[in-house]
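Step one of this worksheet: look at the structure below.
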Amino acid sequence: MDDQDPGGISPLQQMVASGAGAVVTSLFMTPLDVVKVRLQSQRPSATSELTTPSRFWSLSYTKSSSALQSPGKCLLYCNGVLEPLYLCPNGTRCATWFQDPTRFTGTLDAFVKIVRHEGTRTLWSGLPATLVMTVPATAIYFTAYDQLKAFLCGQSLTSDLYAPMVAGALARMGTVTVVSPLELVRTKLQAQHVSYRELASSVQAAVTQGGWRSLWLGWGPTALRDVPFSALYWFNYELVKSWLSGLRPKDQTSVGISFVAGGISGMVAATLTLPFDVVKTQRQMSLGAVEAVRVKPPRVDSTWLLLRRIRAESGTRGLFAGFLPRIIKAAPSCAIMISTYEFGKSFFQRLNQEQPLGR
């Protein structure tokens, strides 16, 4: 905060507390994030209209490998499970080669099939990229939120009621812009289970074809998901925490109250912003498309057009694909993160009271 008293904490201490919370949350919640991404990147039907141009935008292709002896055939990485799907060069399906990718019918089914066919470690695929992204991003985000909220309230730029909403939105906007390339990499690792060498080749191909701007593919829907999520989350969190705390002073809010308030707020915000999360996942899955079957990668459609397309192909239900794992993830992850952060702040507050800042 701007004016520190002996019981306050410094921005550096805020960053340490939030960074620790990010590590704990990532270790516990990455499996649910992997399942959510798999369900969202899965197409409505693996065997229907595979060659319709509108379906190519969400798929990633690779050129023929030694596994394909006949010229002109290609291996299609479909639905994020790396199971082969063979197509003739003219786009005609060849049933004699066709191997239907594993389909997930729900959250539990996805957990079981991923563990059975790919191993338990796959549930933590993308964890290194997740930690590299979330630890600094969370540290910046939470520290920026506290600093912005204190500034807005201190300067009377907005009411105390709406200060959390404004501060949360602004803090998240900056964070999304900085970490968007790493978010894209993490999504690719989780959805397609590719090696880091294959991922590097995919990123290099994308930069060659679309320039450095391609690394921010999905920034629009990510911002549309995360900025409103942040605004809704902090607004509801402060309200619920205040209601649960009652007459308890704000600086004495228990970790338990923070846990419950964070879980409730995360659940509400995640539900309202889920359609944008689906669009973000589908758009980022188009990274690395090449002309493996003489199909030129289509132009990137707008977020609203993709929302309409998903609804047309999969119905309203398609806009809420991965609802259960996202909610199951959002509630505990928000609860774990905010309670760990509040615990860390309380720890540093006690430490600073025993040894005042500046000594």
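Residue numbers in this text run from 1 along the chain shown.
Positions of Cβ are set from backbone N, Cα and C atoms, glycine also.
Judged by Swiss-Prot topology annotation, GLY106 lies across the membrane from TYR341. Taken residue by residue, the topological domain 'Mitochondrial intermembrane' (143-164) breaks down under DSSP into 14 helix, 0 strand, 8 coil.
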